[in-house]
Amino acid sequence: MEGKCLLQSLIFVILIQLAVSVTDPVNCQVNTFQTKQNFDLKKYLGVWYEMKWIIPFSVPVADRYLDYQHKYSMNTDDQVLVSITARNSSKHCLYITAYVNLTETPGKMVISNQPNGGGDTYTYWIIETDYNNYAVVYGCGQTLSNGTCGATRLWIWSRKTSITPTLLSQAEMLLNRLCLDTSSLITTSHDEGECPQQSDDAMAMASSNLSVIIPTIVYLYMFYLT
């Protein structure tokens with residue numbers, strides 16, 4: 001009887017250890033995160049609407065942007081431009097131009113507010129996308145000494161101003177492999193409708209005068225931490 005109880009206890013301990021090993025992330029070091037295989041930038045171009053996001057600090061509900069979207073396009077110099085539009089808490093439209101800088105790794109990009117990687121920058125990794133419906137993008141603002149991220153950013157994008165529960169579930173399933181929790185996701189509202197499009201010249205002027213027309217805290221939020 002004693003031997004049987006000992007065997008049962010041993011089996012119980014083994015099962016607990018197996019359960020823990022299954023639920024624990026395999027590796028949370030940033031340099032192990034894989035981007036979209038055979039990422040095709042040309043297929044990724046166009047408009048993407050922000051559905052959900054995570055940033056490494058708290059933003060009051062009243063200060064969160066509405067109708068936030070990115071439009072990626074290629075200019076004549078083969079430079080990828082990002083036309084960013086959103087509404088602030090007063091529902092006024094904001095227009096900003098940013099620039100995509102490619103790296104040697106497909107899917108791993110850097111976005112900056114000046115051409116050729118100058119000014120403020122943040123990493124922008126395409127973790128997964130089907131190009132036609134949704135995309136999951138990851139960024140790390142600070143890599144700690146143990147290789148994990150100390151300032152994580154994440155976006156779930158959609159080609160439409162809404163996303164189906166099935167596609168959202170597919171996107172959220174990827175958060176576990178990035179060592180993130182879905183409870184941290186914040187939803188972007190798209191109830192007001194898209195902002196009118198501006199000309200390229202107007203967008204460029206908005207970008208160059210950004211520090212004047214937008215308070216510093218919003219500037220940092222838009223370009224470095226969003």
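Each residue, glycine too, has its Cβ placed from N, Cα and C.
Bear in mind that TrEMBL entries carry predicted annotations, made automatically and left uncurated.
As recorded in TrEMBL, the features of this protein are as follows:
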SIGNAL    1-21  signal peptide
DISULFID  CYS28-CYS179  disulfide bond
DOMAIN    69-190  domain 'Lipocalin/cytosolic fatty-acid binding'
DISULFID  CYS93-CYS195  disulfide bond
DISULFID  CYS140-CYS149  disulfide bond
TRANSMEM  202-224  transmembrane segment
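It is 12 Å from the Cα atom of CYS179 (disulfide bond) to that of CYS140 (disulfide bond). Under 8 Å, Cβ to Cβ, and six or more positions away along its own chain, CYS93 (disulfide bond) finds THR85, ALA86, ARG87, CYS195, PRO196. Confidence in the domain 'Lipocalin/cytosolic fatty-acid binding' (69-190), given as mean pLDDT, stands at 92. The most densely surrounded of the disulfide-bonded residues CYS149, CYS195 is CYS149 (count of other Cβ atoms within 10 A of its Cβ).
Secondary structure counts, DSSP: the domain 'Lipocalin/cytosolic fatty-acid binding' (69-190) has 18 helix, 56 strand, 48 coil. Remark: CYS140 (disulfide bond) has VAL30, THR123, CYS149, GLY150, ALA151, THR152, ARG153 as non-local neighbours, by Cβ distance under 8 Å and separation of at least 6 in sequence. Counted within 10 Å of its Cβ, the other Cβ atoms near CYS28 (disulfide bond) come to 16, all protein chains included.
When Cβ atoms from all protein chains are considered, those within 10 Å of CYS179 (disulfide bond) total 17, not counting its own.
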